[in-house]
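Worksheet: one structure, shown below.
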C-alpha cells in the first residue's frame, strides 16, 4: 500500500474525527466562547488519542473513558492552580517554581498508577501550569479563566463522544468471544508440549505468548466494561477467567518442571491421552470430557496433582466462557466460582523509575522558566506549556524519547500547515461558518488517517496545528503572534527532548531486581498456616509483574524462568498441608520479615546480608518441617525453593 493511499477501514474514524472537530468549533462559536480553540483541541485529542494508541479505530467506550479522565485531570489541575495562585500570588517566581514541582509530582504519580488512569494525572500536572502562566498579566481573572477552561474542555469532550456515538463505534465483544475460544485451544496445546517434555525454548515461547495473550484479554475486558453496562455479567466472568487462564499456565509449566527430576509421575496413560492433536475449542471440549472420565477411573490419588488441578481449572474456564459468549444470567455454579479469593494488589516495582520521571518533568519545566525569564521572549510561556505537555505525557509511556521526537516532528509539520490555514484558508472563510467548518473537517479527516497509521509526528501535528491557528472569538490575525506561537512550540519540544536525553533513566536493572525479589517474597509469604492469608489470590498480581519483567527485559529467558519458578513455588506452597502449630507460625512471620528486608534494602551489602539470613532461615525451616513430620507435599516444594534461591543468589542481590 502506498504512503498516500487510504485504507477503507480508516475512513470511518477519519470522518468521526472531522465531525468531532466541526461540532466543537460550531458549539464554541455559537455560545460565544472566548477561545473555542480549547474546545476544538480537546475534541481532537480525546478522539485521536485512543486511535493512535490502538493503531486504528478505537473500540466502543475508549473515547468516553479518555474524555472522563480528561475531565477529572482538568478539574484537579484547575483546583491545584487556584490554590497555588491564592497562596503565592505575591511571589510570582516562587509560584511558577511550585507549579513546576506540581507537574513533576503528577508525573511521579502517573508512573505508579495503572497506565489507563495515568492520563488524568499527567493532564492535572500541566493544566495547573497553563493556568498560572496564562494569568500572569491579569492574576485577578484566575477564577474566570479556570471556569472558562473547564467549560471549553467539557464541551470538546461532549462533542467527541457525540461523534463517536453518531458513527456506531466498534464493539469488542466479538473479539473477546473469538479470543476466549482460541486461548483455550492454546492452553491445551501448551499442556501437550509440557507433558511431551520437549525443547525448553519451544515451551518458553509458548507460555510467554500465553502470558501476553492473557494480559491482552484483561485489556479487552476493561474495554468491554467501558462499552456498556449490559456487559456487567460478562465482565465478572472475564475477571475470573483471567485467574483461571493464569492457573492453567502455572499448572502446565509445573508439569514440565516436575519431569526434570521425577518423570515417572506422568504415567503413560496421560502421555498417550495428550498425544491427540486439537484444532478447535470443540476438540478441547471433547478431550476434557474424556479426561474427566480417565481421572474418575484412575482416581485422584493416581492422578498427578498438576494435571488434576489443570483439568479443574479448564472445566471452570469452559463453563464461564459459555456464559461470556451468551451473556446469560449467572447461575449458582458460576456464582460459586466467581465468589473466589480476594485479589492482592502488589506494590509498584518502578518507584525509582517514577522518581526519574519526576526529575525529568520538574527540571525541564524549571529550565523552560529560566529560558523564558532570561530571553524575555513573548512566546516563552508557550514553550513552557509544550515542555510540560511533552514531559507529562511522554514519561508515562515505555519510550519517552520517541514520544518527544513525535512531538518535535509534529510541531515542525504544524508550522507550514498552520501557515497555510493562517494566511490563506481562515481569512478567506471569515464570512462563512460553513466554509470554516469544511476547511477544519478536511484537516481532521486527513490527519485522522495518518493518526490511525501511527505516522511519526501525526498526533503532534494535529494538536499543534489546531493550537496555533486563530480560533479565538473575535479572530485577530497578527503574524508575529502566530510565528511566536509556532516557534514556541518547537523550542519547547526541543528543550523537553534535551532534558529527556540528559537525565538518563538507568532504573531498568534495579526494577528487574526488585521484581525478582518480589517473586521471592511472594513464594516465602505462601508458607503460612493463616487461613485468611492462604485464601488470598496473588496470581494476577504475580503475572502482572512477570509481564512487566518481559517488557523490561525482552528475550531474557533465565529471568523469565526464575520468575515463573517462583510463581509455581508460591502456588504449590499455598496449597501445601503445612502442619499447624505456633512454632512454625512464628517462623513463618520471621521469614516474611526477612524477605521484606531484602526488597527494601537500599544497598547491595544490606541486601546480601538479609538474603543470606533468608537462606539460613530456610535451612532451619526445613529442619523444623522434618521434626514436625511434614508430608512430602510440603518438604519438596520448600527444598526446591531453597535450591533455586541458592542457585540465583547473585542475580537476586547484585545491582
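Keep in mind that glycine also has a Cβ here, set from the backbone N, Cα and C atoms.
Since we're looking at a predicted model, the values are computed, not measured.
Marked as transmembrane segment by Swiss-Prot on the basis of sequence analysis: 13-33 (among others). Residues 6, 39-40, 42-44, 46-48, 51, 56-58, 148, 151-152, 155-156, 159-160, 162-164, 166-167, 433, 436-437, 440-449, 451-452, 466, 471, 473 of the same chain lie 6+ residues outside the transmembrane segment (13-33) yet bring a C-beta within less than 8 angstroms of a C-beta in it.
The feature transmembrane segment is assigned by Swiss-Prot to 38-58 (among others), with sequence analysis given as support.
For 69-89 (among others), the entry in Swiss-Prot reads transmembrane segment, with the evidence type sequence analysis.
The transmembrane segment annotation in Swiss-Prot covers 93-113 (among others).
The feature transmembrane segment is assigned by Swiss-Prot to 121-141 (among others).
What Swiss-Prot lists as transmembrane segment is 152-172 (among others), and the listing cites sequence analysis.
Taken from Swiss-Prot, the feature transmembrane segment covers 370-390 (among others), and the record attributes it to sequence analysis. Note on the transmembrane segment (370-390): residues 93, 103, 125-126, 129-130, 133-134, 136, 361, 364, 403-404, 407, 411, 484-485, 487-489, 491-493, 495-497 of its chain, located 6 or more positions outside it, place their CB under 8 angstroms from a CB of the stretch.
What Swiss-Prot lists as transmembrane segment is 407-427 (among others).
Residues or ranges marked as transmembrane segment in Swiss-Prot (evidence: sequence analysis): 431-451 (among others).
The transmembrane segment feature in Swiss-Prot is assigned to 459-479 (among others).
Per Swiss-Prot, transmembrane segment is recorded for 482-502 (among others), and the stated evidence type is sequence analysis. Within the same chain, residues 360, 363-364, 367-368, 371, 377-387, 389-391, 394, 400-401, 404-405, 407-408, 411-412, 414-415, 418-419, 422, 460, 464, 467-470 sit at least 6 positions outside the transmembrane segment (482-502) and bring their C-beta atoms closer than 8 Å to a C-beta of that stretch.
Against the transmembrane segment (152-172), the recorded stretches 38-58, 121-141, 407-427, 431-451 differ in Cβ pairs under 8 Å, and the greatest number is found for 38-58. Counting Cβ pairs under 8 Å to the transmembrane segment (93-113), the top-ranked stretch among 121-141, 407-427, 431-451 is 121-141.
Of the recorded ranges 38-58, 69-89, 459-479, the transmembrane segment (407-427) has the largest number of C-beta contacts under 8 angstroms with 459-479.
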